[in-house]
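Going by TrEMBL, these are the annotated features:
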TRANSMEM  B:6-26  transmembrane segment
TRANSMEM  B:33-56  transmembrane segment
TRANSMEM  B:68-87  transmembrane segment
TRANSMEM  B:108-126  transmembrane segment
TRANSMEM  B:146-172  transmembrane segment
TRANSMEM  B:179-199  transmembrane segment
TRANSMEM  B:247-264  transmembrane segment
């Protein structure tokens, strides 16, 4: 059990460090998006290139889904009936696919950076 | 059914490969089965808790609670792996010589086993919570295809377990005199990859705002979406689009591992000589 204590301590310290240095406020462009019946609305958004932005995703379905994008290099679970903020780093111009991993057949979309 | 197989399979191999490496690394240690099983079980319980409180966790830290949790557990795993490698460097030779566990080695072995049990727990917790949320969603939605999706999920778990078992069998087929070298290299790269992943979550959570854009893109050569790419991602930290912070964390962990192993190796060698001359 000896290493359980330092591990817990480390975790607590790490968590605390993140708590006292909270993420910067939403001074970046925010794009609202809704997931309903496992479909994103809007499913295509256009964002400024080379600039940080965020997607505020409201999951209007009853079940959770994971906003997952290899292209955008993010993955985030948003619970049913909840809203999640997905922070995205500056993008070079191009098209970036994303999906709701749990319902990938219907939950798909594209971010276009211009 | 196929979609659910793919999702569950993907998450299970991520955790399963880590468990496979840990099982290979603890071969010959007394009670390792109990530690690893305990770690996996604790991870499973943790995954259910994380899934149950997913909403509350997500709301922490201005909506970045999930990222904070991911980064934290990844960094814990990195530290535990560094610790284990240091232990292996100082005791590996004695272990390789005679798979006996005596006195001090047993105690040190238990500490190292606990560190590795935590690594298993963390891996299962991270990936398991996603599986639990997905399957819960399926069950809660009461779809007519729920049965098929559950079967797909169970097959995914079985498939992930088979891949992990193959890795384990492959590793233990390595002759014992090479095994320690291979495992410490593998654990070093595993830890480096986890540290790089932690950087990505810190960036996603908004804590890290510099060195976050991809340096290059090798997804046309080896996509992280492919099975091989995914396995490489877990085992050696392969990333097709790493950022400078991810690369820096990756290299830093390798450097720390080398320094720690050298230090621990010398200490172990010294103790070994003392004992031999006594």
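Just so it is clear, glycine is given a Cβ too, placed from its N, Cα and C backbone atoms.
Any TrEMBL annotation is an automated prediction that lacks curation.
Remark: the transmembrane segment (B:146-172) makes no contact with the transmembrane segment (B:247-264), by the rule of 3 or more CB pairs under 8 A.
Each of B:6-26, B:33-56, B:108-126 was scored by its Cβ pairs under 8 Å to the transmembrane segment (B:68-87), and the highest score goes to B:108-126. Panel annotation: around the transmembrane segment (B:179-199), residues 18, 21, 24-25, 27, 70-71, 74-75, 77-78, 81-82, 84-85, 88-89, 92, 95-96, 171-172, 208, 233-239, 242-243, 245-254, 257-258, 261 of the same chain, lying at least six beyond its termini, place a Cβ under 8 Å from a Cβ of the stretch. For the transmembrane segment (B:6-26), the residues of the chain that approach it from at least six positions outside its boundaries are 32, 35-36, 39-40, 43, 84, 88, 113, 116, 119-120, 123-124, 126-128, 130-131, 134-135, 152-157, 159-161, 163-165, 167-168, 171-172, 179, 183, 186-187, 190, 230-231, 234-235, judged by C-beta separation under 8 angstroms.
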